[in-house]
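Annotated features in TrEMBL:
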- 9-249: domain 'PARG catalytic Macro' (DOMAIN)
- Asp33: active site (ACT_SITE)
- Asn36, Gln50, Tyr91: substrate binding site (BINDING)
- Glu51: active site (ACT_SITE)
- Glu52: active site (ACT_SITE)
Amino acid sequence: MLIFGPINYPLCPFQVHSSGLIEDHAIEALEVDFANKYLGGGALHRGCVQEEIRFMINPELIAGMLFLPSMADNEAIEIVGAERFSDYTGYASSFRFSGDYVDKRSVDFLGRRKTRIVAIDALCSPRMKQYKLKYLIRETNKAFCGFLDQSKYSQYKRIFKMNSVQLNEGSSLPIKAKGESRTEEVRKSDEKSWRLEDCENYIGIATGNWGCGAFGGDPEVKTIIQWLAASQALRPFISYYTFGLEALQSLAQVLLVLVKSRSVIVDKICIQGIVMAHYHGSLICSLATLNSTVCWVSEVHLSQSVLG
């Protein structure tokens, strides 16, 4: 599945946070779980990195480990309403419980806490293959599946469903009143979906170095991939927590230069520019290439000498 098409999508606003945590994001957002393909990863064993920590402080998430299968490349898991119970310090071997946490987040019209967590699994130990087009597209599509506004997806399904009902009515139902009843039933069954759609319109993405810790991904590559996916999913913003990573210490300044220099659209961003970030060791070089090169993602030709 190639998500990029002929429609021009502008890059969404990108906010950089050199300190702070995804779960403490002040504005309602889709909070990314840097997941294992099996939801929860090592939460019930000895794992203690980003996903496992989230499952410890929001223990209701653990229920999903009982019945959710391994995620395919085109799947993500979104969980709404999990309450946070704990504070903590540290990470991995230094992780420690530091007291109770009172979750004061408001609730939506269904009575759920406005905590939205999306689990997406990155490539594990990708090494050099993460710079090949096949895997760049895999990661971009995976992020897109997680960032996609599911309420709008439901809207598309409603349209197709209603069109299908109308077609069936025209060909097989002799009584008009009966046909109208079926169409009305479809509309009524989706009233809550319309309200969910309104709630979703201003929800952006809160993320960070997805797949860059224990999974060994390139943080510069993952930064750009997530920005592309959030923009393609029409999210209003992406808030990126660098967790103090040295490779991303100049991220805010670089992105500011890029956005001010010219208007950039998702379908004209060249994935080869992402590859160059690794070989030149600089996000500035990568973004400069993205900014100056016009290349349809579906028509990118990566250098054989670079990829081997």
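Positions of Cβ are set from backbone N, Cα and C atoms, glycine also.
Among the residues Asn36, Gln50, Tyr91 said to bind substrate, no two Cα atoms are farther apart than 17 Å. The number of other Cβ atoms within 10 Å of the Cβ belonging to Glu51 (active site), over all protein chains shown, comes to 25. Sequence-distant neighbours of Asp33 (active site) (same chain, 6+ residues apart, CB-CB distance under 8 A): Gln50, Glu51, Arg54, Ile117, Val118, Ala119, Ile120. The 10 Å shell around the Cβ of Asn36 (substrate binding site) contains 22 further Cβ atoms across the protein chains shown.
Around the Cβ of Glu52 (active site), the same chain contributes Gly40, Gly41, Gly42, Ala43, each under 8 angstroms and 6 or more positions distant in sequence. Long-range C-beta contacts of Tyr91 (substrate binding site), restricted to its own chain and to partners at least six residues apart, with a cutoff below 8 Å, comprise Cys48, Val49, Ile53.
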